[in-house]
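See below for the structure under consideration.
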Amino acid sequence: MSSTSQVALLPKLSLPDGVTVWDGTALEYERRCNNVDEHAVHLMQTINILGIRSKEAQCLNTVLTSVARLRENRQARVYLLCQDGYGVGILKMGVKKLFVTHPSYSSLVEIDPLCVLDFFVDTSFQRKGFGKTLFDAMLLNEGLNPGEVAIDRPSVKFLAFLQKYYGLVEYTPQSNNFVVFHRYFDKWQPQRGKGHWGGNAVPTRSLVRPQNCLRVYPKYQSTTGPNNNFEEDATHRTPPPPPLPPPLVPQGSVTSPGVGKKTAYELQYEEYLREQAYRRRQGGDPRLQPVPNPVSSSEIVAASCGARRRMSPTRSGVQYNIISGTPEH
């Protein structure tokens, strides 16, 4: 299929050429606050379509990249590569907790690296340097070296890609089908007395950048590779509005039962404390005084009403006390 027919199936995007990163929160913000001319709808359609194409190209049983999955896993993010206003590639990243075999100790260790969960460049744009542009943008934005990234079930083409551009070759086959290159273990040593990797085993990396300060990768220039410089796109995205202040509750109002109002047990305990204090002032030892019989909570509530007894008229018009049931005169 030609490049024109492939692109025709994708909606036009109002994004600059280059790489942008999206997570579930950023997509939700676009849908709510920045959906001019169906921009957010087209963006989500592009991510879903490229996710389906990635599934078909890799002969997978399920779609790995979709807007729904990004909403379910807020830690995952997708790097989207655009060219001439259309999405041409995606790279999905996320942190995973893995138990892998250490290449030197031949024992299982626990790590939680940033993982490549899905990587796809549209077939019409392959072998033109777009894949390296996308991968380099991810490494620069995350602050990682190529060997510090784990890959979920990489294809033969992906492994050849990593060997060609980053010299990643040596890895130990794992039962979970994740590929963790030996370079990942160069910086870390297991802690004594523990059968797993230390708590700080994950490489230092930057957090997900919010969409309002997203760095956009520069426009693709040639097949010689990117220049590894991000440029701030301050005019394309407006910052999200500040969070709304909490609602004001007027004094004396009760928002829900029990808020700003003491329970019967609290009233009973306060009455007990007042009685003990009174006995101390009288000079007696409260521990030697007889303990009064406990009072039920309903009696405390009834006593606290005092003169404000709840009244209810009968059919005959005679008022009675709804607590005692006696007529009122």
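Each residue, glycine too, has its Cβ placed from N, Cα and C.
In this structure, GLY131 (acetyl-CoA binding site) is part of a helix by DSSP. The annotation acetyl-CoA binding site is assigned in Swiss-Prot to 119-132, 155-164.
Residues or ranges marked as compositional bias 'Polar residues' in Swiss-Prot: 220-229 (among others).
As annotated by Swiss-Prot, compositional bias 'Pro residues' applies to 238-249.
Residues or ranges marked as compositional bias 'Polar residues' in Swiss-Prot: 313-329 (among others).
Marked as domain 'N-acetyltransferase' by Swiss-Prot on the basis of sequence analysis: 5-185.
Taken from Swiss-Prot, the feature region 'Disordered' applies to 218-261 (among others).
Residues or ranges marked as region 'Disordered' by Swiss-Prot: 306-329 (among others).
Residues or ranges marked as site 'Crucial for catalytic activity' by Swiss-Prot: GLN58. Around the Cβ of GLN58 (site 'Crucial for catalytic activity'), the same chain contributes PHE120, SER155, each under 8 angstroms and 6 or more positions distant in sequence.
Mean pLDDT, taken over the domain 'N-acetyltransferase' (5-185), works out to 91 on the 0 to 100 scale. Looking only at other Cβ atoms within 10 Å, the busiest spot among the binding-site residues PHE119, VAL156 turns out to be PHE119.
Least crowded of the binding-site residues (LEU159, LEU162), judged by neighbouring Cβ atoms within 10 Å of its own Cβ: LEU159.
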